[in-house]
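A.B. asks: Please find one structure pasted underneath; my questions will follow.
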Number of protein chains: 2
Amino acid sequence: MGALRFPPLPTTVETQAGARRPLETTTMPGLLERYRDYLPLTDQTPMLSLHEGSTPLIPAPKLSKRLGVELHLKYEGLNPTGSFKDRGMVMAVAKAVEDGADTIICASTGNTSAAAAAYAARAGLKCIVLIPDGNIALGKLAQALAYGARIVAINGNFDAALRLVRQISDEHPIALVNSVNPYRLQGQKTGAFETVDVLGDAPDVLAIPVGNAGNISAYWMGFGEYHEAGRSTHLPKMWGFQAEGAAPLVRGVVVDEPQTIATAIRIGNPASAHLARAAVGESGGLFDLVSDDEIMHAYRLIAQEGVFCEPASAAPVAGLLKRHAAGELEGGQRVVAVLTGNGLKDPDAALRSVEAPRGIEAEMDAVMASLR
Amino acid sequence: MGALRFPPLPTTVETQAGARRPLETTTMPGLLERYRDYLPLTDQTPMLSLHEGSTPLIPAPKLSKRLGVELHLKYEGLNPTGSFKDRGMVMAVAKAVEDGADTIICASTGNTSAAAAAYAARAGLKCIVLIPDGNIALGKLAQALAYGARIVAINGNFDAALRLVRQISDEHPIALVNSVNPYRLQGQKTGAFETVDVLGDAPDVLAIPVGNAGNISAYWMGFGEYHEAGRSTHLPKMWGFQAEGAAPLVRGVVVDEPQTIATAIRIGNPASAHLARAAVGESGGLFDLVSDDEIMHAYRLIAQEGVFCEPASAAPVAGLLKRHAAGELEGGQRVVAVLTGNGLKDPDAALRSVEAPRGIEAEMDAVMASLR
């Protein structure tokens, strides 16, 4: 892995006022500012920002060696609320403000609710979150509550919650920010822009978890727009990975009771299925599935690179490992895996696979003995 | 708050190769690279990085209005492991590698263990964490376990754990990375550099939580070095805030059984007490204490800016609110509050103050009625 082809590091920046100063005297702007020329903004769109985006693309030398490719991890867990959802939500909430809304609503079991609540708080809007009764990761509910969202638990599943929020936004002056909101994908496509910007070109393969299928669709849109703008010489193959118990796009049938440890992709009937199929088809990519065991194995290998992600984020790495084991991963390629959320979103996953340490005597020999 | 005096945004960067390109075509380097001229690096120091640092300085318009000052939040929760500890740890672990160590050790009840385990994994070192039996936040232990650290729980308190790791590192070829390691403060001082870089000058007041007292000392060192280098026109006043039940620097006596909801600053006998006293004394600053109720009130107000921090991080904002209420906060100043950790580190804190939502019928009128 001496061949990581990062572009030369920048040293100075030019300000809007025309002055020059060292790069370290700046901070990255939020996404609406950074990619304003590529987003559907108007003069009336507020420049809402929590400094989302500009997440690191972290080289993964140990996994690269194992896989025989040049693997980079796009670590979306360092977005303001800890997941890639912030990219789409900053755009959706900015447009809600532009349209005069004073309340937003969504159905969510996790990352979406945290992002919606954070940007609503920032913009001074009220936020209503409908959750299916039960089945929500602790950390994610904590966030929406902390940001001041009104949480309503309904007696029903996610589909019922989504039907309700659509009905409510149709009949009340309340903006819907679920993924049916078209601005969400517009914001999410910036992940592809950043990938190309940092690598200097598109990767050969973009590996990504697929749940509701919006993100793979958004990345494909972003790669396409950047390519058209002359910012990359080629388009990547889009590889979408689903969990074995929640793999409607792999199996070609809706899954009524999706099951997986990777809660962020536990979705049986993806809203953006058609767009995701187009992304995979047009790019010459693929869908594949990975088991929960394979996901948790990849999760631990990613942590050995120094990166802590939520289980769903490990699915693309699990998929790459699976295809490598099957002799179906071409060596030497540049591959980017999108790690969609922070491991702190779901600490139970990390604790599940280990025994709690037992207390031993506070004495050096006892400690050293316990380490043998 | 129309008067937030951010410098003009940069538009282009110059690469080391001399070419120019738009700012968005880059990513911020890690701290060792970004501040190499200000850190004790040699040609043998590995450029270890998880893209730590370069955390956003987020303007807080609602709190600014309430306080009558220009308040910015330095959101350290967006470091790779979710706290400011990454700044010092990247430096300490890089130096351990340089010195030939193959194992690092620390005593920790939280953020330190996560940072140590992450950078050890990245650098290919083994990591041993001694924890006092009981009393550790779930998310923080989960991280160290995920990164592959060996966790040893001892029958004893934090002081006993610290004594043991010092003894072990004295008698074995194992590098100690607790805050007695001088490289920790060297790395942490970069938080001050970034603050000055983004604001274009030092703030008038730097408000910061004080537990073990290393961070306030490191910031003061950083402000001093930058001022000497001509990067700022003045030095800030250093305001250190402790929790009421863990306020040895305010009360002037060691606290045997420190108690506070803000676990990250629940320390009764700060290792860097003398340095912190010097920082406050030399800067014309102050120490003050805030109650757990004041901390949780500030925690909710910070979330209303769209920022989710751990309780300890809310202490400086609680302190500013307290001094404002007492008429002791001069209006119009530029103030930076350091939010040391991500709220996801301690989701229980967010859940503690609210009732779990009860399930209602999945029907629009029932939902709308529940919102009234």
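Just so it is clear, glycine is given a Cβ too, placed from its N, Cα and C backbone atoms.
Pasting the relevant annotations from TrEMBL:
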DOMAIN    B:49-341  domain 'Tryptophan synthase beta chain-like PALP'
MOD_RES   B:Lys85  N6-(pyridoxal phosphate)lysine
BINDING   B:Asn111, B:Gly211, B:Asn212, B:Ala213, B:Gly214, B:Asn215, B:Thr340  pyridoxal 5'-phosphate binding site
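Please go over these features one by one and say how buried each is and what sits next to it.
C.D. replies: For B:Lys85 (N6-(pyridoxal phosphate)lysine), the number of other Cβ atoms no farther than 10 Å from its own Cβ, over all displayed protein chains, is 33.
Listed in sequence order, B:Gln242, B:Ala246, B:Ala264, B:Ile265, B:Arg266, B:Ile267, B:Pro270, B:Ala312 are the same-chain residues at least 6 apart in sequence whose CB falls under 8 Å from the CB of B:Gly211 (pyridoxal 5'-phosphate binding site). Reduced to three states, the DSSP call for B:Gly211 (pyridoxal 5'-phosphate binding site) is coil.
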A.B. asks: How does the model score the domain 'Tryptophan synthase beta chain-like PALP' (B:49-341) in terms of mean pLDDT?
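C.D. replies: PLDDT averaged over the stretch: 94.
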A.B. asks: So if I measure Cβ to Cβ from B:Asn215 (pyridoxal 5'-phosphate binding site) and keep only same-chain residues at least 6 apart in sequence, which ones fall under 8 Å?
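C.D. replies: Spatial neighbours, sequence-distant, of B:Asn215 (pyridoxal 5'-phosphate binding site): B:Phe84, B:Gln188, B:Gly191, B:Ile208, B:Pro209, B:Val338, B:Thr340.
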A.B. asks: For pyridoxal 5'-phosphate, what surrounds B:Asn111, B:Gly211, B:Asn212, B:Ala213, B:Gly214, B:Asn215, B:Thr340 with a Cβ no more than 8 Å from their Cβ centroid?
C.D. replies: B:Phe84, B:Ser179, B:Pro209, B:Val210, B:Ile216, B:Ala264, B:Ile265, B:Ile267
A.B. asks: State the three-class DSSP label for B:Asn111 (pyridoxal 5'-phosphate binding site), counting H, G and I as helix, E and B as strand, and everything else as coil.
C.D. replies: helix
A.B. asks: Return the residues near B:Ala213 (pyridoxal 5'-phosphate binding site) by Cβ distance under 8 Å, restricted to its own chain and a separation of at least 6 in sequence.
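C.D. replies: Counting only residues 6 or more apart in sequence, the Cβ neighbours of B:Ala213 (pyridoxal 5'-phosphate binding site) under 8 Å are B:Gly240, B:Leu249, B:Pro270, B:Ala271, B:Ser272, B:Ala273, B:Leu275, B:Ala276.
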A.B. asks: Consider the binding-site residues B:Asn111, B:Asn212, B:Gly214 and say which one has the Cα lying nearest the Cα of B:Lys85 (N6-(pyridoxal phosphate)lysine).
C.D. replies: B:Asn111
